[in-house]
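Scroll down for the structure; my scribbles are underneath it.
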Amino acid sequence: MEFVQNWDGYAVRDWMIRNVDVVGYISGIYLAFVFTGPKLFAKITGRDGATSVAPARQGGAGGGGSKAVRRAMVLWNLSLSVFSIFGTSTVTPTLVRNIMNKGFYEATCTFNDKEFYTTDVGFWIGVFALSKIPELMDTIFLVLQGKSTLPFLHWYHHVTVLLFSWHTYCVGSSGYIWVAAMNYSVHSIMYLYFAIAEMGYKHVVRPWAPYITILQILQMVMGCFVTLYAMQESHDGRGCGMTWSNMRIQLLMYASYLYLFSEMFVKAHVLPRWAPVATHANGSLKKSS
C-alpha cells in the first residue's frame, strides 16, 4: 500500500517532540471528562446510570444505551478489531522471525531506527502509538451507555498507555515492538468480543471473558519480563536499545497493570466461585452473590 510505503516516522516523531504539550492537553481533557462526563450525561438524560464492569474491558459490554449507541459501538469495536488484526499480521511475525533468526537478545535489545520509523513494520508501530488517542473514544461510549462511574482500571489504563506510547515513540525503543505485538494480538480478540456482545450475543461470548482476561494478564507478565531483561542487560554492560527513563516507565506501567488486571480477574471469576453459601429463612440454600 502506497501510504504504508510513504510512511515517514521520523517526521511524525519530530512533530511529537515539538508538540509534546499536546499529549498533556489531551490527557487533561480526557481525565476531566472521566470525572464530569457521567454526571453531566445523567443530568441531561435524567438517568442515574449504572456501572457494569466486564472482565476484559474494565467497563462493561453489551446491553446498555440506545439502539443507535449500540450500533455505533458495534462498528467501533469491529473497526478496532480489524485494525488490530492488520497490525498483528505485520508486527507479530516480524518479532517472531527476529527471535528465531537473531536470538532473544538481538530481537529485544537491538534498536533498528529504520525499522522502527520506516518500512511496513515501522508504519504499524507508528500508528499503534498514535491509535492510543482515538481509543479514548471507548470511554465516551461507556458514558453514552449510561455508566454512572468509570472503573479506575479503565481510565488509568487508557491515559497511561497514551502517555507511555507518546514518550516511547519520541525517544525510540527496541522493546516497543514487544508492546505493539502483544497489544495488537490481544486487542484483535478483545474488540471482536465486544462487537459480538454489542450485537446482542453477550450470552454466547460471555464464557470466553475469563480467557481474554488471562491473555491480558499474560501480556503484562511478559511485558514485565522483557523490561526487567532489558534493564539487566543495560546494567551488565551489554546494553539495550531502550533509555533508562523509558524502561522505568514501562516497568511501572506493566507492573501496575498486572496487579490491577489480576485483581479484576480474582473479583470477577475466582471469588464468585468461592462465595459463601447463605441460608434462607425457609431453610433452603443458595450461593450468595
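Keep in mind that glycine also has a Cβ here, set from the backbone N, Cα and C atoms.
What you see is a predicted model, and the numbers here were worked out from it, not measured in a lab.
Record features, source Swiss-Prot:
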type	residues	note
TRANSMEM	22-42	transmembrane segment
TRANSMEM	72-92	transmembrane segment
TRANSMEM	123-143	transmembrane segment
TRANSMEM	152-172	transmembrane segment
MOTIF	154-158	motif 'HxxHH motif'
ACT_SITE	H157	active site, nucleophile
TRANSMEM	177-197	transmembrane segment
TRANSMEM	208-228	transmembrane segment
TRANSMEM	251-271	transmembrane segment
CARBOHYD	N282	N-linked glycosylation site
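In this chain, the transmembrane segment (152-172) touches the transmembrane segment (251-271); three or more CB pairs sit within less than 8 A of each other, excluding pairs fewer than 6 residues apart. Broken down by DSSP into helix, strand and coil, the motif 'HxxHH motif' (154-158) contains 5 helix, 0 strand, 0 coil. With a cut-off of 8 Å between Cβ atoms, the residues of this chain six or more beyond the motif 'HxxHH motif' (154-158) that come close are 30-31, 34, 57-59, 132, 135-136, 138-139, 142, 256-257, 260.
Within the chain carrying the transmembrane segment (123-143), a Cβ under 8 angstroms from the stretch's Cβ atoms is held by residues 4, 7, 9, 12, 26, 30, 33-34, 37-38, 41, 57, 59-60, 65, 69, 72-73, 76, 80, 83, 86-87, 90-91, 116-117, 150, 154-155, 158, 161-162, 165-166, 168-169, 176-177, 180, 183-184, all 6 or more beyond its ends. Using a Cβ-Cβ cut-off under 8 Å and counting only residues 6 or more beyond its ends in the same chain, the transmembrane segment (22-42) has close neighbours at 16, 48-49, 133, 136, 139-140, 143-144, 146-150, 155, 158-159, 162-163, 166. If one looks beyond the transmembrane segment (177-197) by at least 6 residues along the same chain, the residues whose Cβ comes under 8 Å of a Cβ in the stretch are 54, 56-57, 61-62, 73-74, 77-78, 80-81, 84-85, 87-88, 91-92, 94-95, 98, 107-108, 116, 121, 124-125, 128, 165, 168, 204-206, 208-209, 212, 215-216, 219, 222-223, 226, 250. Panel annotation: around the transmembrane segment (152-172), residues 9, 12-13, 16-17, 20, 23, 26-27, 30-31, 34, 57-59, 111, 113, 116-117, 125-126, 128-129, 132-133, 135-136, 138-139, 142, 179, 241, 243, 245-246, 249-250, 253, 256-257, 260-261, 264 of the same chain, lying at least six beyond its termini, place a Cβ under 8 Å from a Cβ of the stretch.
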